[in-house]
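Below is one structure, written out as structure tokens; the observations come after it.
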Amino acid sequence: GTGAACWEVILGFSLPTGMALAQRQVAVQEGPLYRTEGSHVTLWCKVSGYQGPSEQNFQWSIYLPSAPEREVQIVSTIDPSFPYAIYTQRVRSRGIYVERVQGDAVLLHITDLQDRDAGEYECHTPNTDERYFGSYSAKMNLVVIPNSLRVTAVPQTLNKVEHDSLELKCEVSKSTAQHSHISIAWYRQRGSEMPVEVISLSRDFVLRAGSAYAQRQATGDIRLDKVGETTSKLTIYNLHPSDQGEFYCEAAEWIQDPDKSWYAMTRKRSQGAIVNVQATDKEFSVRLETEKRTYIVGEPVEFRCILEAQNVPDRYFSISWAFNSSLIASLGPNAVPVLNNEFAQREALGQLKVAKESDNVFVLKIYRLRLEDSGKYNCRVTEREKTVTGDFIDKESKRPKNIPITVLPLKTSISLEIINNASNVLEGESLRFGCNVRSGFGPQSRLSVAWHLVDKLNRRSEVVRLDREGTLQPGPSYTERSSYGGIQVEQVRPGSFTLEIFNSIKADEGHYECRVAEWTRTLDGEWQMVGERHTGTPVSITALEAGFAVTAISRTPGVTYNESFDLQCIIKPHYPSWVPVSVTWRFQPAGSTEFHDLVTFTRDGGVQWGDRYMGFRTRTAIEKAESSNNVRLSISRASDTEAGKYQCVAELWRKNYNSSWTRLADRTSNLLEIRVLRP
């Protein structure tokens, strides 16, 4: 019910591929869960300890309070006809659907929860084991409650002057019978821009201002007070022109689930209040911003000097930047930067930039920080007046508080480059990555490399590790596969490593990281890790069975006695030659109701004839196209014996790393009816 976050708990005990527990165990989200009408609800279900294919199927049912003993089928991952009539339309329109998170775990989605959806839900997994052993289903209760949250504020337009105060009230009420908490947040929005959080009160009664208003809350200019049982009041003292916009409040009602996590059952926002703030005619203010205060050597830093004033395009401002009270650069009203001494050299080398981003935003950016860049930075804005002679005279200068930053040294100076030969591959193709140390690697150092895979659920697994002595250590989930030669790592030259994964499977999809550690010897001869760097690349794998389809065609549905005719089995998509597909032609004689195998073109290229219609063999040829998996059946001297219905069945196979075979999918073509006409 809490979306993707709930998987951190249930998927934490996932088993490596190929391993199984002693018995099957099905687990569902713990109940009872309380959810509001109209909301989008998810329920998770997970199976473990099973045998058979890694992709398990799931069937969801409900036992309604009005008939607690009667099962009502909702949706299935394997049977489209599974839903009862009451749920058929909602399943077809994806108002109810199952999201497969991985082969053995799913989420049931109910997009628009209704009162009739309350009841006991059962998740069932059809048996794929050699024998029944364990649990095959699990149940939980879902309680549907009315959405009683009400959030109201007076819609109004307020015209203020800079430095005025603003008061806005918001009333939040609920009538939920269960114990629940309320969170409240105020936002400011301008047009199509993203809303900016002003201040919020969390469900745990923690008051916090948004990043744009944190400093002003610290000085007491922003307040959020409770003025009644259901009413809160936002107060902004000393309004700025930047406060202009639409203000509204948003409330969420939270309930604690049985797993002790809190879930936002519903959110609602109030109508907005339009606030216009007129700047004082010739006043202006300046503030300085940067992302953080501590950096590492080589990281970039950007300082933004923001000018708040009325009619900025019609006025003249100059700006200067200072570091530890020494001038870095200045920009006049023409916005052409003039840099000083050492900073001019760094700007010429592309290491530093001073620019005017807009009429009221000026930027100082250092692309690669040095240790000596630690210190205090500031900007000064001066308003200038243009005389009748065209000269400028200074009127007023303002500067904000200094911003000190600290630059820490690097522990290792290596940098990495990752090479991915194919970011989107077909299942079964090899994955090949290169990881190169581009700089900072000295002759006295040694390197170790580890390859990690981070899947779509953000779960990390180590694929393989090559230690500084050159010893290869596959990760726990890849040991067996590596023993068959399915995983290979090679050091091509010092500082250059390759990883190759042969015969890829869908589970190999994700984000691959190369993590290189640098080691040096200490004075006592021991190896010590100096530091580690990592870089990554995404890989998408298309499943072999995606789009797999088969069609039977014939140009001569009506054949004259003793004439020849051809049947073709067309396989799509066009698979590479290494993808094995077997094709079987089946035949149902005219007047019969049963199909029997006529001939099979096996996955290894062999031909197997069925023993039911041996007479076909002497007058029938089967041929597989060299450039595709299409199979042609040619029959000469047609007679009444060959009249009937034909169809072809194609099976898609994959050869596993241990030389075993897995049938991925099978498809049956349309029926072809051949009529043999007497001359």
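Any Cβ shown, glycine's included, is placed from N, Cα and C.
The signal peptide feature in TrEMBL is assigned to 1-22. For 16-141, 146-251, 298-389, 409-524, 538-665, the entry in TrEMBL reads domain 'Ig-like'.
The stretch in 16-141, 146-251, 409-524 that contributes the largest number of Cβ pairs under 8 Å to the domain 'Ig-like' (298-389) is 146-251. Residue counts for the domain 'Ig-like' (409-524) by DSSP state, with H, G and I taken as helix and E and B as strand, are 11 helix, 62 strand, 43 coil. Broken down with DSSP, the domain 'Ig-like' (298-389) shows 14 helix, 51 strand, 27 coil.
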